[in-house]
Ligand SMILES: NC(=O)C1=CN([C@@H]2O[C@H](COP(=O)(O)OP(=O)(O)OC[C@H]3O[C@@H](n4cnc5c(N)ncnc54)[C@H](OP(=O)(O)O)[C@@H]3O)[C@@H](O)[C@H]2O)C=CC1
Ligand SMILES: CC[C@](O)(C(C)=O)C(=O)O
Ligand SMILES: [Mg+2]
Ligand SMILES: [Mg+2]
């Protein structure tokens with residue numbers, strides 16, 4: 001049975017008097033740092049001069065160059081993009097990662113694929129929220145939290161789990177639930193989820209549905225409302241109460257179509273593609289491809305991103321959202 005933790009399982013003294021350096025002030029960095037600060041913890045930010053630096057300062061943090069922040073900190077949480085972590089670690093963090101410190105991640109990519117190899121005399125842990133950074137912040141301000149995973153890669157002090165749990169409490173995760181896993185399992189499931197389902201799977205499904213309707217002569221606005229806008233409303237029901245709750249809210253006609261036609265769309269071929277995607281994650285092919293892609297300044301990433309940004313669904317989407325008052329502050 002997977003180990004689960006809530007507020008009552010936490011010993012807050014594990015980090016109460018420590019200095020936590022959050023390296024990066026982007027999606028996770030900002031969300032986690034603000035929550036930790038509001039939880040009364042001592043947080044500093046490590047960055048390079050630029051936009052994030054100015055934002056973190058304007059939001060009340062002491063901001064330092066990465067090396068200086070790592071030097072001052074007891075706990076160093078690396079929240080810059082995965083593809084930048086190894087170089088920043090080598091130049092600025094590693095040299096300041098002295099005995100007894102805690103190195104922390106929110107994703108296991110660099111440890112699992114051997115891009116960062118920490119010294120043996122530090123604790124290495126993960127606290128990985130299962131949700132985007134802005135939701136980490138938003139749910140915390142609403143009195144709840146996003147669930148998170150913890151994992152222990154090195155426990156020299158014997159306190160690594162306590163530190164990870166106290167940090168998870170600081171970002172609000174123990175208000176939801178914290179589950180314990182290991183670096184391999186987090187890395188491989190997270191990559192699989194974002195590639196095959198949450199990001200890659202869902203955008204491909206929506207794009208294919210949109211293109212099918214538009215190519216058949218239906219208005220792009222109709223196609224957008226049907227396959228993109230309504231996706232959120234249906235997924236919200238699945239999120240709240242599983243397939244059963246969603247199916248109780250849709251018509252019987254929709255339910256019959258869902259049960260009989262859905263498996264034709266996501267059929268044997270899709271299962272096989274998912275298995276392939278998973279194998280490429282497990283055997284390091286994806287990690288290697290992504291590391292090399294960054295070494296040549298991301299030509300594939302740039303071209304594919306541009307193609308999707310220029311897709312008709314994006315143009316129609318902004319027009320339709322502009323028609324609806326609830327999207328006014330979201331653009
Ligand atoms: N995005 C998410 O919601 C989730 C992310 N994660 C994990 O969290 C980690 C952070 O991801 P995410 O929040 O998306 O990252 P972001 O892309 O949002 O990080 C951007 C931040 O990193 C800073 N940064 C980038 N490069 C450098 C550098 N060389 N030196 C100093 N600062 C730098 C940027 O500063 P500047 O303005 O100067 O560029 C900016 O503040 C990753 O390991 C990711 O896998 C885990 C769960 C969810
Ligand atoms: C789903 C994408 C994610 O894994 C996340 C927000 O959890 C990420 O890497 O950003
Ligand atoms: Mg994730
Ligand atoms: Mg991820």
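Every residue gets a Cβ built from N, Cα and C, even glycine.
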Query = In TrEMBL, the residues 25, 26, 27, 28, 48, 52 are said to bind NADP(+). Which of 114, 131, 133 is said to bind at that same site?
reply = 133
Note = Between the C-alpha atoms of residue 48 (NADP(+) binding site) and residue 107 (active site), the distance in angstrom, to the nearest integer, is 21
Ask   = Say you check the Cα of residue 28 (NADP(+) binding site) against those of the recorded positions 107, 190, 194, 226, 251; which is nearest?
value = 107
Request  = Please check each of the binding-site residues 26, 52, 133, 190, 194 and report the ones with a CB atom less than 6 Å from an atom of ligand 4, ordered along the sequence.
outcome  = 190, 194
Ask   = So which of the binding-site residues is most packed in, judged by how many other Cβ atoms lie within 10 Å of its Cβ, out of 28, 251?
value = 28
